[in-house]
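Taking it in order: structure first as C-alpha cells, then the write-up.
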Amino acid sequence: TVALLSSLLFSFFNLSCSAVVHFRGVRLHVESPETSVSAVQGSNATLPCHYRYEPELSVPRRTRVKWFWQPVVGEGTEKDVIVALGSRLRSYGDFKGRVRIRRSVQGDASLVINPLLIADKGRYRCEIIDGLEDDSVTVELKFQGRLSFNYIHFVIFSQFTGVVFPYYSPRGRYKMNFLEAKEACHQQSACLEGLDWCNAGWLADGTVQYAVSVPREACGGMDLAPGVRSYGTQHKTRARFDVFCFTSSIRGEVYFLQHPLKLNFTEAVDACVQDGAQIAKVGQLYAAWKLVGLDQCDAGWLSDGSIRYPIVQPRLNCGPPEPGVRTFGYLPKYLKYGVYCHKPKW
C-alpha cells in the first residue's frame, strides 16, 4: 500500500510539474538600455529597468519588483532599496521616502531616486519575480565627475552648483590616508574634490594637490605663477594629507540655534535634538553658506567637534575681508559656544 501510494504521488508530482511548465510556456526577460547612469549629488536619477515576456502575453501578470544596492568597490552585502507588489510598495533604510518605481508603461520597473545623496553611488540590481520565475539586471549609479575650476581669490566657478571646502582631521593636519579622507568627506555630507588652499589634500582620483591664487614662500615659492600645485599620485594607505570635499545639496535647513546660554559640545548636540533637528555637519554648513547665503557672525559647534561660522558679507569683528566659513578648529569640548543645527526637509 505504501509503495502504491508513493508511486501515485510521484506520478502526480511529475504530471503537475509538466503541466505548470506547459501552462506557462513563456520566458521572463529583464533588461536595461543603460549599464550605468551618471548624475549630480542633490539632483535626481532614474535607473532604467524593463521586463517582458517571450512570447508576449495578452494579459498582464502580477509581478514583484525589488531593487537592491551594493557598493561599487568590493563585494559588500546587498541592501534592500524598495520592493513593490501591485500598488503596494516599501522602501528601506536611507532610501525611505526618496525612491519610487516609475511604471510609465507596461513592463517599466525603473527606479527613481530623488534627491540623490552621496552614499547612493553604487551598483543597483533590479529583480523581477513572477511566481517561480525570476530574472535581474544591474545598473551602476555614478556621480558626475571632475569639476573644472578657475581659482580667483577663493571664488570658485564650476559647471555644477556646489561648494568645495578643505577639511582636516580632528587629530591634526596631514593625518589621513586616502580611504580615511574619503570617509571624512562622507561623514560631513560631502565627497572628495579640490579647492584653492595652501594645504595639500587628497582628490577623488588619488592625487594630492593644492591651488594657490597668491604665490608665497610657504606654498611652493614666490617664483611660481598662480595655479594648482601637484604632488602627483600618492600611496593611498601610507601617505597622510588633508582632504578637499565637495557638496551640492543641503536637503533641509541649516541655522544657528537661538539659545539663552552658551553650550559645551554635549549640550549643543542635545539642544539641536530638543529643537527637532540634529547638530549640523561641516558640509551642510558650507552648502548653506554657498547655496542659500547663510551669514552668521556667531561661532558654533558642528558635529565633528569643530567650531565654525559662515560669512557672506565681511564686516568688522567677523574675520578676514573675504567671504567664507571661518573656523576655530577643534577646541576642547567643554568650552562654551553656540551651535549650528540641521533640520531635514524632504
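Any Cβ shown, glycine's included, is placed from N, Cα and C.
Because the structure is a prediction, the values reported are computed rather than measured.
Lifted from TrEMBL, the feature list:
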type: DISULFID; residues: C198-C219; note: disulfide bond
type: DISULFID; residues: C272-C341; note: disulfide bond
type: DISULFID; residues: C297-C318; note: disulfide bond
type: DOMAIN; residues: 41-138; note: domain 'Ig-like'
type: DOMAIN; residues: 163-247; note: domain 'Link'
type: DOMAIN; residues: 252-343; note: domain 'Link'
type: SIGNAL; residues: 1-19; note: signal peptide
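Between the listed disulfide-bonded residues, namely C219, C272, C318, C341, the fewest other CB atoms within 10 angstroms of a CB are found at C318.
For C341 (disulfide bond), the spatially nearest entry among the disulfide-bonded residues C219, C297, C318 is C297, judged by CA separation. Calculated from their C-alpha atoms, the gap between C297 (disulfide bond) and C272 (disulfide bond) amounts to 19 Å. On the backbone, the CA of C318 (disulfide bond) and the CA of C272 (disulfide bond) stand 24 Å apart. Cα to Cα, C219 (disulfide bond) and C272 (disulfide bond) are separated by 39 Å. All protein chains shown were included, and the count of other CB atoms within 10 Å of the CB of C297 (disulfide bond) stands at 16.
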